[in-house]
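The feature transmembrane segment is assigned by TrEMBL to 70-94, 153-174, 181-205, 225-245, 257-283, 295-314, 350-368, 380-399, 411-434, 440-460.
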Amino acid sequence: MKLRNTAITRANSASLPMGDHVAVKYDSVDGGEEHKGGHGIPKVSMVPLIFLIFYEVSGGPFGIEDSVKAAGPLLAIVGFLLFAFIWSIPEALITAEMGTMFPENGGYVVWVSSALGPFWGFQQGWAKWLSGVIDNALYPVLFLDYVKSSVPILGGGLPRTLAVLILTVALTYMNYRGLTIVGWVAVFLGVFSLLPFVVMGLIAIPQIEPSRWLEMDLGSVNWGLYLNTLFWNLNYWDSISTLAGEVDNPKRTLPRALSYALVLVLGAYLYPLITCTAAVPVVREYWSDGYFSDIAKILGGFWLHSWIQAAAALSNMGNFVTEMSSDSYQLLGMAERGMLPEFFAKRSRYGTPLIGILFSAFGVILLSWMSFQEIIAAENYLYCFGMILEFIAFIKLRVTHPNASRPYKIPLGTIGAVLMIIPPTILIVVVMTLASYKVMSVSILAMVVGFILQPCLVYVDKKRWLRFSISTDLPDLSDSLETEDDAVPLVF
């Protein structure tokens, strides 16, 4: 990978108006390149990309049981539909537009940097990377929670700790071997994890009583658990943007993959919710993590129960490898833009970001002591901070450069774009307000660390204690604007 020193580039960028940092031409993307990237590594095609997005966001209906526990069947079903329109669709649309406008591995970091400058771009990267690593710390623990009924020794103590370490190392090695391998593993795990729910839904049909869908008691709703469960299960659509540089023809592939993944995720949630809440009497206290496997035993017997438990365990592995890919390629993308030391941009012989993978794995191990609810609340808080920056960057680029080149463009004007992000912004405020003081304090402290870390890295670069370089494979964000709006008409 060819690199150019950051000093001259930063000096030039500092002298330009903020708006001159956007919409430069990506020759490799616009020119219809081959299926291998500049490093000779095969690029990710449509089907693996759909399942990578599926696992970034969901991984299946495992963990949605708490929505029924918190609010009952009706609000759970309506909640997933409503949240999809309020949150998932706007976030996926913004990812499609911005991800094709800047199809490189920095993803949302580059979006924010282009609109708000490198300081806020770094804060975006810091908050989103921390959120992703915190999220990933959950999956080895969940995997062991599902298998401990068959292997009781993994329920606690030293054997459980060793199992977390071994699992983390094994899945980290899979990431090291290549993103295309991770993508096809995600396809296999996705099919295996969803198939038992299709079978269970078919078995449940004769026992469905529609009146059970209408059960609701507003007075007993646990709003904090309810909103956090919905939010956690329907966010992270933008995570795929940090892999855009590894995608085959991203200006066409990325928007379509996002739309197909959106249908897949919603179907994976609503189908088991609708069938299972009506097929068995609803006792809300029973609806916690893993309850779908209990329903499978009631409806189909021990074989279906075992299948869903195996699917749940393997689905957590899919979540882990895809989240680690996103986190590690984000660090690589930040290094290629000179925001992190050059060694983060080094690739292994398989084309993977070795240092980014190791850093992400180390973060997972450090954070694996946190409880399930603490993990969800902490990652949601940091994620919300990053999403606020994304929304600001999206609107600013629409206002300052409405005619800039956008291979995919949301079919809304500036006013329509602002109206689109108002509901998710309100949701962000609500989720952040519901956080406990402990989660709020730790999250704010983490953000303060980012505020301090970015100037420190700039100082280290200035003193040349570490080498910071910008990849010459990427266009200079300080180049003049491409004023032609050549948006590709895509169905999304």
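Positions of Cβ are set from backbone N, Cα and C atoms, glycine also.
If you look at the transmembrane segment (380-399), the same-chain residues 6 or more away from its ends with a CB under 8 A from one of its CBs are 22-23, 91, 94, 97-98, 101, 108, 111-112, 114-116, 120, 123-124, 127-128, 130-131, 134, 228, 231-232, 235-236, 238, 414, 417-418, 421, 424-425, 428, 431-432, 435, 439-440, 443, 446-447. Here the transmembrane segment (181-205) sits apart from the transmembrane segment (411-434); fewer than 3 CB pairs are under 8 Å, leaving out pairs fewer than 6 apart in sequence. Counted over residue pairs 6 or more apart, the CB atoms of the transmembrane segment (257-283) and the transmembrane segment (225-245) come under 8 Å in at least three pairs, which marks the two as touching.
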